[in-house]
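Engineer: Starting off with a structure, shown below.
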Amino acid sequence: MGMLSLPGFLSCGKKKDFSLTNEKDAHSSDSDENSERGNWSKKGDYLLSMVGYAVGLGNVWRFPYLTYQNGGGAFLIPYTLMLALAGLPLFFMECSLGQFASLGPVSVWRILPLFQGVGITMVIISAFVTIYYNVIIAYALYYLFASFQKVLPWSDCFSWADEFCSKTQIVSDCNATLGGEIVHANFSVITSHNLTCINGTINYKPVQFPSEQYWNKVALQRSSGLDETGRIVWYLALCLLLSWVIVAAALFKGIKSSGKVVYFTALFPYVILLILLVRGATLEGALDGIEYYIGSQSNITKLMEAEVWKDAATQIFYSLSVAWGGLVALSSYNKFHNNCYSDAILVCVTNCVTSVFAGFAIFSILGHMAFVSKRPVSEVVDSGFDLAFVAYPEALSKLPVSPLWSFLFFFMLLLLGLDSQFASIETLTTTIQDISPRVMKKLRLPVTLGLCAVLFLLGLICVTQAGIYWVNLIDHFCAGWGILISAVLEIIGIVYIYGGNRFIEDIEMMIGKKSCLFWMWWRMCWFFITPVLLMAILVWSLITFSRPTYGSVLYPTWGTAVGWCMIIFCVIWIPIVAIVKILKAEGNLVQRIVSCCRPAANWGPYLECHRGERYSHIVDSKKKKEHEIPTVTAITY
């Protein structure tokens with residue numbers, strides 16, 4: 001006979017499980033530091049997930065457009081400065097915050113209970129964005145399937161086209177010399193009399209490229225406006241369903257499954273971009289596109305315009321995905337002593353280099369498109385959806401073996417969209433896990449499937465004939481001011497109320513003690529530069545507000561009102577939660593506010609072994625209960 005002692009905890013965060021059921025959460029494994037929440041299997045899983053989250057569709061279609069619109073290569077100067085002054089400081093702050101507490105974007109506000117509504121706002125905005133972002137992925141899927149044809153369906157004016165469809169410009173009328181006199185006549189009359197138009201007098205008919213009409217008439221079946229909802233476009237609905245199935249399949253085990261998928265979804269787009277760049281560089285006119293992008297037409301005087309700096313700051317802010325809650329959620333699965341500082345630098349630089357690199361790939365082919373159509377590059381480039389689903393498909397249709405290049409391009413868009421979507425959904429499931437860990441431990445798969453199903457149903461409005469107007473409306477409002485408001489309150493709350501120096505001490509618990517010189521730059525940004533920049537962008541956006549439009553279509557008044565209601569619904573939780581917290585506190589009004597501005601009693605590192613002397617006062621209620629339960633002290637053989 002012998003005796004064996006059974007201690008409750010073997011090491012930091014790892015607990016021996018002697019239950020008969022031996023139930024295990026797929027989100028965690030035996031090698032995890034944090035056995036309750038789980039950790040990334042490898043650091044590469046985390047880094048690629050972060051890169052995939054930050055590098056999205058905007059890197060391919062928005063950054064190149066802003067670059068040529070704002071002075072070409074000169075735009076890279078304010079872009080780089082805004083990365084250093086606004087993007088990187090916020091990125092580092094959120095990564096550190098999530099890793100330190102190992103909590104999602106709502107629960108992490110134990111750091112400042114009065115501002116917990118900021119976390120709720122982030123999650124709600126992420127939910128809105130996931131609805132329309134997957135619709136864009138559905139567009140990419142539709143074009144991907146449409147590429148499996150010998151002749152691309154948008155390569156010419158087929159049966160779906162109207163009289164305005166043309167691959168070249170059509171002359172309407174002009175002036176010509178007849179019998180010593182200048183006459184003005186239709187082009188058909190001019191040609192019938194073998195006359196020649198006088199240079200500078202030619203008027204062209206308003207025409208549309210086949211790719212533009214295909215996008216509006218076939219892919220979207222676009223209605224006249226938001227007032228005309230029309231029917232659900234069935235093939236877009238099926239593509240939307242497929243995109244949600246892909247997301248759910250990738251996330252059924254949380255970070256353990258998505259961390260493996262991103263090795264493909266985050267890396268393969270770079271392979272495709274490189275292929276497209278090499279192919280584009282070999283085409284006639286490619287140099288014109290590159291020069292228009294960052295070449296001889298760069299306009300350094302543009303730097304004197306405030307709009308250029310605003311565009312640079314806005315692009316950095318949105319492309320890095322700060323203040324969406326996703327960075328906090330993904331970082332919360334890191335091990336406590338992970339070097340979040342180097343991770344933040346690496347991901348931010350990768351994101352920006354990708355944007356510049358994508359610009360070369362896009363504009364080399366657009367330069368060829370301008371060469372073929374005998375038009376300046378400025379006339380074949382548009383922003384947003386038109387660049388991705390009109391201008392670029394039109395250019396691809398003119399290449400030899402065009403279905404191959406079309407497939408590669410839309411497959412790249414699909415992958416860029418998916419890994420950003422993975423992180424957004426993980427933000428929502430992480431929030432649910434922090435609120436109810438037992439539910440997620442037992443029912444992770446049903447909860448994930450249910451969440452995807454609900455978001456799919458909510459997204460059906462975006463695949464009606466008026467769907468593109470809804471996509472544009474949600475993007476215009478929810479992905480705008482709500483994020484800016486959250487970011488401003490986040491940095492003010494952490495730096496000025498919780499304490500910037502106190503937060504730096506928290507970071508040093510993870511990455512080690514650093515010199516005052518090391519923190520000088522971060523203090524300058526966190527305490528002054530970054531909040532001032534964010535406030536300036538927010539105020540500028542409000543002052544220059546105009547009713548949303550899609551192309552030439554102006555939104556109705558009720559549509560703008562719906563947009564404002566969406567943004568109010570997102571941010572209203574900030575004052576509501578603050579009021580509830582104050583009402584629940586004890587003492588007079590001032591005492592209540594002060595107590596809500598102090599960290600909660602359970603704020604600090606998630607695991608007891610990481611708390612040290614600074615957070616030794618924290619008592620984990622769960623572990624307290626475990627110690628109260630009588631335990632077996634010996635086993636008799």
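Yeah, the Cβs are placed from backbone N, Cα and C, and that goes for glycine too.
In TrEMBL, annotation is done automatically, which means it is predicted and not curated.
Copying in the features that TrEMBL gives for the protein in this structure:
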type	residues	note
BINDING	Gly52, Ala54, Val55, Asn59, Ser319, Asn351, Leu416, Asp419, Ser420	Na(+) binding site
DISULFID	Cys157-Cys165	disulfide bond
TRANSMEM	46-63	transmembrane segment
TRANSMEM	75-93	transmembrane segment
TRANSMEM	114-145	transmembrane segment
TRANSMEM	232-252	transmembrane segment
TRANSMEM	261-278	transmembrane segment
TRANSMEM	312-333	transmembrane segment
TRANSMEM	345-371	transmembrane segment
TRANSMEM	404-425	transmembrane segment
TRANSMEM	445-468	transmembrane segment
TRANSMEM	480-499	transmembrane segment
TRANSMEM	520-541	transmembrane segment
TRANSMEM	561-583	transmembrane segment
Engineer: Could you give the residue numbers and ranges of same-chain residues that sit at least 6 residues beyond the transmembrane segment (232-252) on either side and whose C-beta is under 8 angstroms from one of its C-beta atoms?
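Structural biologist: Contacts of the transmembrane segment (232-252) (Cβ under 8 Å, skipping residues fewer than 6 from its ends): 26, 134-135, 137-139, 141-142, 145, 219-221, 258, 261, 418, 421-422, 425-426, 429, 444-445, 448-449, 452-453, 455-456, 459-460, 462-465, 467.
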Engineer: Compile a sequence-ordered list of residues in the same chain as Cys157 (disulfide bond), six or more apart from it, whose Cβ lies below 8 A from its Cβ; state 'none' when nothing qualifies.
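Structural biologist: Listed in sequence order: Cys165, Ser166, Lys167, Pro210, Gln213.
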Engineer: Spell out yes or no: are there three or more C-beta pairs under 8 angstroms between the transmembrane segment (261-278) and the transmembrane segment (345-371), with each pair 6 or more apart in sequence?
Structural biologist: yes
Engineer: Among 114-145, 312-333, 480-499, point out the range having the most Cβ pairs under 8 angstroms from the transmembrane segment (46-63).
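Structural biologist: The stretch I would name here is 312-333.
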Engineer: Applying a 10 Å Cβ distance cut-off over all chains shown, what neighbour count does Cys165 (disulfide bond) have?
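Structural biologist: Total other Cβ atoms inside 10 Å, all chains included: 18.
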Engineer: If the Na(+) site is taken as the center of the Cβ atoms of Gly52, Ala54, Val55, Asn59, Ser319, Asn351, Leu416, Asp419, Ser420, which further residues of that chain fall within 8 Å of it by their Cβ?
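Structural biologist: Apart from the listed residues, the neighbours are Val51, Tyr53, Gly56, Gly58, Ala266, Ser321, Thr354.
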Engineer: Drop a 10 Å sphere on every Cβ of the binding-site residues Val55, Ser319, Leu416, Ser420 and tell me which sphere holds the fewest other Cβ atoms.
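Structural biologist: Minimum Cβ neighbour count within 10 Å, taken over the binding-site residues Val55, Ser319, Leu416, Ser420, occurs at Ser319.
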Engineer: Long-range same-chain neighbours of Gly52 (Na(+) binding site), Cβ under 8 Å, sequence gap at least 6?
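Structural biologist: Set apart from Gly52 (Na(+) binding site) by at least 6 residues yet with Cβ under 8 Å, we have Val262, Thr265, Ala266, Asp419, Ser420, Phe422, Ala423.
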Engineer: With Cβ-Cβ distances below 8 Å as the criterion, list the same-chain residues six or more beyond the ends of the transmembrane segment (114-145) that contact it, or say none.
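Structural biologist: Here the qualifying positions are 57, 104-108, 219, 235-236, 239-240, 242-244, 247, 323-326, 328, 385, 389, 393, 406-407, 410-411, 413-414, 417-418, 420-421, 424-425, 427-428, 431, 455-456, 458-459, 462-463, 467, 470-471, 474-475, 478-479, 482-483, 485-486, 489-490, 493, 497, 566, 569-571, 573-578, 581-582, 593, 596-597.
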Engineer: At an 8 Å Cβ cut-off, counting only pairs 6 or more apart in sequence, do the transmembrane segment (480-499) and the transmembrane segment (404-425) clear the bar of 3 or more pairs?
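Structural biologist: Counting Cβ pairs under 8 Å (6 or more apart in sequence), the transmembrane segment (480-499) does not reach the transmembrane segment (404-425), since there are fewer than 3.
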Engineer: Considering only Cβ pairs under 8 Å, which range in 75-93, 312-333, 520-541 makes the most contacts with the transmembrane segment (345-371)?
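Structural biologist: Most Cβ pairs under 8 Å with the transmembrane segment (345-371) come from 75-93.
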Engineer: Near the transmembrane segment (520-541), which same-chain residues lie under 8 Å Cβ to Cβ, leaving out any that are not at least 6 residues past its ends?
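Structural biologist: Residues 82, 85-86, 88-90, 92-93, 306, 310, 313-314, 317, 480-481, 484-485, 487-488, 491-492, 494-496, 500, 504 contact the transmembrane segment (520-541) from elsewhere in the chain.
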Engineer: Which residues, given as numbers and ranges, are at least 6 beyond the ends of the transmembrane segment (75-93) yet have a Cβ under 8 Å from it?
Structural biologist: 66-67, 294, 302-303, 308-309, 311-313, 315-317, 319-320, 322-323, 327, 340-341, 344-345, 347-348, 352, 356, 487, 490-491, 494, 503, 522, 525-526, 529-530, 533-534
